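What follows is one structure encoded as structure tokens, with my remarks underneath.
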Amino acid sequence: MGGLALQAHLSKNGNGNDSKKLNKIFALTGLNVKDGTQTLTTQLVKKRNYEWGTEYRYRIPLGRSFEDYVSKQKSIEAGINTRTVKLQLGDLKQMKLDRNIIQSIRGLYKRKLTERKEIELSYDGMLIIRVYDEPMPTLVEMFEGKGWSVPIGIMREKNTTIFHDFERIPHFVLGGATRYGKSNLINGIIASLIKQKPNHVKLHLVDLKGGVELCDYENIKQTVSIAYEPEEAREVLENAYNEMRKMQQRVRNLGKKNVREAGIPERHFIIIDEVGELNPEEAVDKKDIKKDGIVIQKSEKTIKEECQKYMSQISRLGAGLGFRLILATQYGTGDIIPRQCKQNSDAKLCFRVQSSTASRVVLDGEGAEKLPEIKGRAIYQTADKKIIVQTPLITSEIIHSIIDPHIKEVKPVETTKQAPRSNAIIIKKTGLS
Ligand SMILES: Nc1ncnc2c1ncn2[C@@H]1O[C@H](COP(=O)(O)OP(=O)(O)OP(=O)(O)O)[C@@H](O)[C@H]1O
């Protein structure tokens, strides 16, 4: 016991004694700047301990930018985490002096060896480095939404719950590499909306992942239409667009400017899981088939262009009319998300992606490529904040407990003009007024 206590580096300062280490990391990773014989260093201006860890504020030397530090984020985090195990006085005080003491010390030693600190960088004229003593939880259970506000996750500080309020920010873009949690989040959003607003939520669903993700909602009363194939997605979007036009007329007839003023409680959610499949540039078949100058069969390109046109219109006009777009993609290149939709989406959420380019496609900025490889970890960004969240995991038991009471008897469905295929679209014309 005595030997171990001697070996331990007892820190007088408690948390937050990483500043020396940080200075060393800056020097070793080339972040200091040589100016003749002088070396300009990153100067610590302020250090503050919090219950979650420590915040350091630095003045960046001339010739360096915030991006230089961001590009070294991994090295900084690795450097902070290379350590000899430090047992602090507090750790030892918490131990019971009984016959299991050796086992307890071993456990503590192991825990200390594997525990990881996480860092976050930001800039407000000063470089801010936050060193979190403990990593964020990797699993968050689904929690309750509030009206049109749906659960997005918890943020690190004090495990605060974060919601996305569709009344405040109507359109939402989400992205991330495959298997990091997009579909799970979409399911969470849909389940929350159905639970909170069963009589007023209207769903227009496009699942271009072969129907595996959204088929659970096919027969519930809240689903207006659902499609599993790109060509039929056009009909879902056209249908939603027409509903939006009707709503516009209805609001106008009431002499009001928007659904809120008009006291109309319905809200329509057009949710597209894998919007990249609707990219006209990726279409294989690009030529319409014409007879006597009249198009008798539209090409895949034309169909996808029409889909994009409807999406853009809904994003442009839908906000005040209670129409919300949720677009998800895993692709990280080019104009996957129609430009107008992205411009009109003030909320973006991005799970981990492979490159800074992919991060820019969703967030218009870097960062998502630096997220740890943890399922459900994401950056949630609105006009006034950019935070890291751990999104809640929703189980199929929870989904079914919410949607099963709303399953309705399957009526004969109207299919498209084309012969139905094995998993053909189901457009349910529910005669919304
Ligand atoms: N918030 C979360 N917390 C913990 N695990 C999660 C979370 N979200 C998803 N996962 C896990 O990751 C797996 C993949 O999630 P999901 O299907 O949502 O990914 P995706 O991004 O939609 O992938 P793809 O684009 O390939 O469909 C899930 O089966 C689940 O086990």
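Glycine too: its Cβ is placed from the backbone N, Cα and C atoms.
Note: TrEMBL annotation is automatic and uncurated.
Given the structure is predicted, the values throughout are model-derived calculations rather than measurements.
Taking the domain 'FtsK' (158-360) as a whole, pLDDT averages 93 in the prediction. The domain 'FtsK' annotation in TrEMBL covers 158-360.
For Gly176, Ala177, Thr178, Arg179, Tyr180, Gly181, Lys182, Ser183, the entry in TrEMBL reads ATP binding site. Reduced to three states, the DSSP call for Ser183 (ATP binding site) is helix.
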Binding-site residues listed as Gly176, Gly181, least Cβ neighbours within 10 Å: Gly181
Most Cβ neighbours inside 10 Å, all chains, among the binding-site residues Thr178, Arg179, Ser183: Ser183
Count of other CB atoms lying within 10 Å of the CB belonging to Tyr180 (ATP binding site): 24
